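In what follows, a single structure is set out as structure tokens and then discussed.
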Amino acid sequence: MNRVPDDAEHAHSSSVESCPSLRDVHSINPAQLVARIESYEGREKKGISDVRRTFCLFVTFDLLFITLLWIIELNVKGGIEITLEKEVLHYDYSSSYFDIFLLAVFRFKVLILAYAMCRLRHWWAIAFTTAVTSAFLLAKVIISQLFSQGAFGYVLPIISFILAWIETWFLDFKVLPQEAEEENRLLIAQDASERAALLHPGVFSDRQFYSPPESVAGN
């Protein structure tokens, strides 16, 4: 005799349990969604994300560090003016470090142009600079006579090679994934805000404060 009420109660409980998403949607706080969307849009208005700014700073550090090592190398060899004239005006591929400095300038210009000015969201620019750097340094180490010129014959090529690959790793595993995640969060927050606007129209509308004009007496 009690089978029918039990079945009805079981059906009611199963129907309630089958709609958790509806309860979650009704529990959305529109004010929090609007604040979250405004925070994401504020980050977009800055023009460049924090992680991309860190990447650009590291690219600048790459250029300055290679420049510093090259200047030290010029001083060690007998003075900046004499060695600079020898390495730049009388450039020799097998003994000069000037091309390694130019390689750092090349990386800096391409990466800053691509990821700071153009705000590129692809890895092809960093892949191009890293491939050029790696091929040039490998050829220079094999063909040239840098290893016979002391410690700088090892330091400059190795440091330049390592910095180029650190930039590649940082962009591919930090900058691009984090920016994609931030963009997905913004899209999800906007979608949730639109749903909340449909479920809670009074929060986003001022029509509830509308009062009709007074009617003329006798009408």
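The backbone N, Cα and C atoms fix where each Cβ goes, glycine too.
The region 'Disordered' annotation in TrEMBL covers 1-21.
Among the features that TrEMBL reports, compositional bias 'Basic and acidic residues' is placed at 1-12.
Positions annotated as domain 'MENTAL' by TrEMBL: 48-219.
What TrEMBL records for 55-76 (among others) is transmembrane segment.
What TrEMBL records for 96-116 (among others) is transmembrane segment. Same-chain neighbours of the transmembrane segment (96-116): 48, 52, 55-56, 59-60, 62-63, 66-67, 70, 73, 86-88, 125-126, 128-129, 132-133, 136-137, 140, 146, 152, 156-157, 160, 164, 167, 171, 175, counting only residues six or more beyond its ends whose CB sits under 8 Å from a CB of the stretch.
Per TrEMBL, the feature transmembrane segment maps to 123-145 (among others).
Annotation comment: TrEMBL describes 151-171 (among others) as transmembrane segment.
Sequence-distant contacts of the transmembrane segment (123-145) (same chain, at least 6 residues past either end, Cβ-Cβ under 8 Å): 93-95, 99-100, 103, 106-107, 110-111, 114-115, 157, 160-161, 164-165, 167-168, 171-172, 176.
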